[in-house]
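Taking it in order: structure first as structure tokens, then the write-up.
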Amino acid sequence: MSTVKTTPEVREGWDGAAAASPSARARKRLTSPGASIAAVVIAVLWTLPTFGLLLSSFRPEEDIKGNGWWNWFTDPELTLESYNEVLFGSTTQLSTYVVNSVVITVPSVVIPVVLALLAAYAFAWMKFPFRNTLFVAVFALQIVPIQVALIPLLQIFVDTGLNGTFWPLWIAHSVFALPLAVYLLHNFMSDIPAELVEAARVDGAGHVKIFRAIMLPLVLPAIAAFGVFQFLWVWNDLLVALTFAGSTSDVAPLTARIAELVGTRGTEWHLLSAGAFVSMLVPVIVFVTMQRFFVRGLLAGSVKG
Amino acid sequence: MDTAEKLAQMALAVALFAGVVGLILLLAGRVRRGADLAQALAFVVPALALLAVGLIYPALRTGYQSFFDRTTENFVGLANYQALFERDDLLVVLRNTLIWVLVAPVVATVIGLVYAVLVDRSRFEAFAKSLIFMPLAISLVGASIIWRFVYEYRPDQQNIEQIGLLNQILVWLGMEPQQFLLNSPLNTLLLIVILIWVQAGFAMTVLSAAIKGIPQDIVEAGRLDGLYGVKMFRYVTVPSIRPALIVVLTTISIATLKVFDIVRTMTGGQFETSIVANEFYTQSLVRGNYGLGAALAMVLFVMVIPIVIYNVRQLRKADHR
């Protein structure tokens, strides 16, 4: 529901110092030693837990279980054995679930983006009865927590015999993404100058042509921002996955499987640490490579769920 | 299914979908000019139909089922809602939800704000920010495992070393290690720490952008009046970014009410740590009590509505400044 993306300063602000004009805001040091120390303390507190688990995931099994990760500095030994076991070992087989996560995520991003593009175009540029009423209704649907829809939706999938396949996950993720996607893409499309569309109409282009040739290229940044957000939302999701796929089934994603491992093998820290980082690898790559879109998408959709 | 089969299914689904959309566009393009309504319907109906079947109907059905018993066969009136305010275990759920929503948004916002001010225009700003922001990218399941390791407890015996950082710190300080996740109400607070750890990055990003949007002349006027450091923060920075602060607080509040993954992964809702969003899952899908589960979902819905409305209104204001 958050439309933070429409606040202009948010779009520019992420790059920090780069966004401010250099003349007016010369880079300066932190205001005081106390402030510097406080900033460093927060940064360390925020990083240390991740660092400890990351280091542990590379330690031999008996070391992880025998003593704390800080002992590594006096007894440095690294191995990829935990990753090998968690990915390909017969008890965990996470590599299967990596595939499942990919298979779940790709259609769950493509389908809502395409459907939302069509609907957003209609709401922004076509005339039909109840247009505004319907748009407000779609907008308002963002407040519905997905919990409210899960059980009856599951019942529908059971009744239609789709349960146990990937379809419930694809359909559920698509449905839950639509209100936000339609709203965001509509905002972008209605910002496009009317003269551009009018000129195309005068040249004899129909709506389908205008949609493909003018709208799609111009709203690409918005598609990227929403696409990245939706990708991460689906990849990181646990609730939808547990409801429609369970945690060990043929179609369960990585998050559900790892959450289940915590319950059943909560002390096997060599498996948990490596497993956790296997699941984080993709989001972190996306974070590093697509930071700009990533931040915009996250800000835009931060209330989803 | 093996990997190739799964990937083939995925490709087939995407191709099927692309085919249907292509067909719709083709047919819509064929319509002679003037028949605008048919074209508009072709564009808008697929999304609306999916929302009607997949979201509106199920939501209404959940509302209806919340007045029925565990098997959804017998009408029980308001009994499920009554149970929420009478049964001791469910009162704990409501109490915990209240603690979450009172603590997490405020602490995450304060930390995000302080950090944003501290690193603003410093030399390492981009790097310093990405450290705090990174937790927002990973799953709450991953975040939970990271913190579970921090809270890990080993029995206090000879030859057994603590492997969790927090308990090791206790040992270094000469205290006894604690079973952090078992002791209520401390365990709830420790779960909240995880959400704060994730959401502070969100708060920092939005607030940092707002701070950079403060007009330079206001800052300079403050300087002329002799405002520096904490006073500048208190009398210039905070009032100037008030709208953004409210948006951040309400946004995190909504996310807090809906949080499920942390409780599910850390304790499964045991040891008096359950909250409404987790209890919905437990009742509906573990205990098979559909009536009570539906009532919990509706309670979640009702709790979210006022915050969302307030959030949207503030957002409008912030945009039209």
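Every residue, even glycine, has its Cβ placed from backbone N, Cα and C.
According to TrEMBL, the protein has these features:
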type: DOMAIN; residues: A:98-290; note: domain 'ABC transmembrane type-1'
type: TRANSMEM; residues: A:35-55; note: transmembrane segment
type: TRANSMEM; residues: A:97-122; note: transmembrane segment
type: TRANSMEM; residues: A:134-158; note: transmembrane segment
type: TRANSMEM; residues: A:170-189; note: transmembrane segment
type: TRANSMEM; residues: A:210-235; note: transmembrane segment
type: TRANSMEM; residues: A:269-288; note: transmembrane segment
- Does the transmembrane segment (A:170-189) come near the transmembrane segment (A:97-122), with 3+ Cβ pairs under 8 Å (pairs 6 or more apart)? yes
- Message: Cβ under 8 Å, sequence separation of at least 6 from the ends of the transmembrane segment (A:210-235): give me the contacting residues as numbers and ranges.
- Response: 5, 101, 104-105, 108-109, 112-113, 116-118, 121, 125, 173, 177, 180-181, 184-185, 188-189, 192, 196-197, 200-201, 253-255, 282-283, 286, 290, 293-294, 296-298, 300-301, 304
- Note on the structure: Same-chain residues at least 6 beyond the ends of the transmembrane segment (A:35-55) with CB under 8 Å of its CB atoms are 29, 69-70, 72, 273, 276-277
